[in-house]
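**Q** After the structure tokens below, expect a handful of questions from me.
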């Protein structure tokens with residue numbers, strides 16, 4: 001294979017500690033990196049780097065399968081999933097597996113199958129990872145040029161990008177096919193309190209789908225996180241899958257334009273920084289999605305959202321006091337505003353009290369009581385169904401609160417049930433991971449840009465203090 005440039009220009013930020021750049025070996029002498037620098041030792045060893053990535057995929061899939069089976073083993077069908085600390089079974093239930101009307105679990109066998117399939121897959125990936133890490137060729141360029149690459153080869157890099165985009169597009173279409181043809185998905189908005197249904201009438205209008213992207217991210221608008229019907233979600237996946245697949249084909253067939261060649265840094269560490277930035281954005285969006293959205297993340301499985309629990313409490317006490325004879329339309333609260341109901345600045349009737357800040361909540365148990373101008377007083381007096389009372393009382397006592405101060409008026413009880421909502425776990429973990437990924441992006445982007453500009457910051461290893469100290473042993 002012909003190398004078009006000197007190895008010195010190829011990746012010199014990684015070799016600041018030594019003069020050698022032999023490709024063999026994975027030790028500090030030959031790579032400039034000690035064992036703890038992980039995959040940095042494999043920058044020029046495409047075969048070994050493949051092994052590291054396949055083994056990592058195996059670990060991920062093994063966790064998914066093992067945790068899945070752990071949750072199945074501990075699952076009690078009589079209790080809601082969100083009371084049992086589950087984070088994987090709610091995802092499977094949302095996809096329509098094993099659940100019936102109202103989100104009731106009627107069959108746990110699909111969950112068991114999912115866990116076993118992931119365990120078997122992880123064994124295959126684990127074997128492949130060990131094979132390529134220990135036995136396979138160190139570099140792929142000579143024997144398998146299709147799988148080989150040189151980090152500076154812009155055309156090859158965009159081809160790899162294209163392949164990744166096609167795989168992402170196929171993944172998006174898997175959800176579409178599940179919703180359309182393979183049993184459907186769970187719809188929390190189905191009449192009577194949620195059910196599994198096939199999505200037949202997809203939203204494919206570009207003005208609707210891309211309208212979400214143009215919305216404000218703030219209250220009442222909520223950007224893409226505000227999506228509240230499955231037709232839009234599945235239709236969005238059709239658009240996303242199509243864009244990814246066609247974009248992937250385009251990147252495979254084309255070479256980067258001159259402006260892209262000039263604007264981007266073309267090195268392994270630069271690609272790492274781009275990937276970390278993308279994952280960071282995904283983490284922050286997922287954090288907001290699981291915290292606020294009760295359509296993609298149905299409250300039957302994940303527990304209520306914070307606003308939902310707060311509004312549920314206001315609703316529960318409105319129901320109670322109305323039965324006791326209170327006139328909920330005119331009762332005044334301690335601040336002079338309505339105790340149970342009030343008007344928003346734009347005139348809609350909303351719940352009063354601290355929960356007024358969550359006036360824009362939409363939830364399947366509440367929407368039937370709304371009219372053209374917000375909550376409908378006559379419906380609140382005549383149309384409240386027992387299932388709505390039960391649902392709101394349940395959600396009121398399962399708020400996703402990990403907060404010391406601002407709890408939206410929800411009554412907190414120090415002797416309450418030991419409960420942490422999956423929404424709290426999932427949103428917090430994705431925020432923290434998204435933040436770490438962002439810091440990693442800044443770090444690696446800075447290093448990659450410094451290397452491309454031809455200067456490096458680092459310790460002068462010839463005069464490092466540790467070199468003059470006595471060895472530990």
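Glycine too: its Cβ is placed from the backbone N, Cα and C atoms.
Look at Swiss-Prot and you will find 367 tagged as [CaMn4O5] cluster binding site, backed by sequence analysis. Marked as phosphothreonine by Swiss-Prot on the basis of experimental evidence: 15. If you look up Swiss-Prot, you'll see 15 marked as N-acetylthreonine. Annotation source Swiss-Prot lists deamidated asparagine at 18, citing experimental evidence. According to Swiss-Prot, the feature transmembrane segment maps to 69-93, 134-155, 178-200, 255-275, 291-312, 447-471, an assignment based on sequence analysis.
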**Q** Six or more residues beyond either end and a Cβ under 8 Å away: which residues meet both conditions relative to the transmembrane segment (69-93)?
**A** 99, 103-105, 108, 110-112, 114-116, 119, 186, 297-298, 300-303, 394, 398, 417, 419-423, 425-426
**Q** Report, as a single number, how many Cβ atoms besides its own are within 10 Å of the Cβ of residue 367 ([CaMn4O5] cluster binding site).
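**A** Step by step: centre on the Cβ of residue 367 ([CaMn4O5] cluster binding site), count other Cβ atoms within 10 Å, giving 11.
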**Q** Would you kindly list the residues that approach the transmembrane segment (255-275) from elsewhere in its chain, counting only those six or more residues past its ends and only Cβ-Cβ distances under 8 Å?
**A** 11, 13, 43, 151-152, 154-155, 157-158, 440-441, 443-445, 447-449, 451-452
**Q** Could you find out if DSSP has the residue listed as '[CaMn4O5] cluster binding site' as helix, strand or coil?
**A** helix
